[in-house]
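Below is one structure, written out as structure tokens, with a few remarks after it.
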Amino acid sequence: MTYFSAYVIYQVKTAVEYAQSRKWIITSIPILGILIQFALLVEGAHQDVIYRVQSYVVWYFYWIGLGIASSVGLGTGLHTFVLFLGPHIAEVTWAAYKCGNLDFETFGPHRFRCQPSVSTSVAVSLLSIFKKVQWESFFWGFGTALGELPPYFVARAAALSGSRSEELEQIDTLMAQNPDSISHKEKVFIWVHRLMQRLGFFGIFLFASIPNPLFDLAGIICGQFLVPFSTFFGATFLGKAVVKSSIQTLFVILLFSQDMISTILDITHHYLPYVHDKLQNVVQRQTKMLRREKGEDAPEISPGSPSYISIAWNCLFNIMLAYFALSVIETLAISHLKRVHDKEIEDLERKAKEKAEAEGDGIEESPMSRSVIEGDLKREIDLGRGYSSS
């Protein structure tokens, strides 16, 4: 927590210094805020437009943020599709079949309030439901693509400085070993490394288009080999925001469609009667919670005692949220620790060089080997993370 707090303070100071060096940021942001507030205070037809644009911006930035949280953190991201986007798509699908049309809003104070069908109402189908949630799915996918950029930029910066990332050094070590002496997981790492080198854009697009926990490794490889940003992000964007998110959305719509729910209820009725009764109660309860008529709010549902499924789901959500927060704190703390040690190494090399120059013994390199210091740094970081150093 000490190093994490120091990281936050350092970033805030850096942001303030950056803003001070660019006066237009300090002047434009307050002016823009005053203009927006003035437009909201002045009565007129424009107010509804501004409020509606504001609600859309907040709504879609919400999904972008959830997408970033899902993919950031080198595999320790929060699984926001399962926790947020999937349930939202399921609720939209459920409401479409219960309302008989898609003339309802999916966010805001009147969300999921059914409207009477008119001649222009769109028939409920797989494609029409997909169009209803396509932008939420798209912006969530766009956020996941943004979340893949930090590993790419870190590896690219390391390559430009002449060093290699720890992940690639580990792969080089594995490739030098006997294939029979490494695990299946390590063989997968080597396979991904070779595949990304061969396929380039299409390899990135393929890995981004499927649920793939190893995509962080793909970003590191692309950064290390200086793959152009347009190539990496273009393939990642198309794979995650267009292909992968669409496949996941269609799967959830099919899973929660009326025909699929009826099939599941019939199967559980014949083979698992006890589960069928519980599942049917859940379906009926969810149906009552939907706002069925125009202007009519959801009926009051007595709170009662929470179900075991609800308790388990809330516990799972809290555990995942806590793990995500801890992983972010740990990653940023280690980043600050590395920055501090790098500065110490630079100071030691500078002092050694100045001392040598003062003595008239000009040297090209510091007598203290940088590799030795970096080895001590790595061991200290490993011990700080709770792992035993090799």
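Here, residue 1 is simply the first one shown, and the rest follow in order.
From the backbone N, Cα and C atoms, a Cβ is placed for every residue, glycine too.
Annotated features in TrEMBL:
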- 373-383: compositional bias 'Basic and acidic residues' (COMPBIAS)
- 350-390: region 'Disordered' (REGION)
- 24-42: transmembrane segment (TRANSMEM)
- 62-85: transmembrane segment (TRANSMEM)
- 195-211: transmembrane segment (TRANSMEM)
- 217-238: transmembrane segment (TRANSMEM)
- 250-272: transmembrane segment (TRANSMEM)
- 311-334: transmembrane segment (TRANSMEM)
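Using a Cβ-Cβ cut-off under 8 Å and counting only residues 6 or more beyond its ends in the same chain, the transmembrane segment (250-272) has close neighbours at 86, 89-90, 93-94, 97, 126, 129-130, 133, 279-280, 283.
For the transmembrane segment (24-42), the residues of the chain that approach it from at least six positions outside its boundaries are 18, 50-51, judged by C-beta separation under 8 angstroms.
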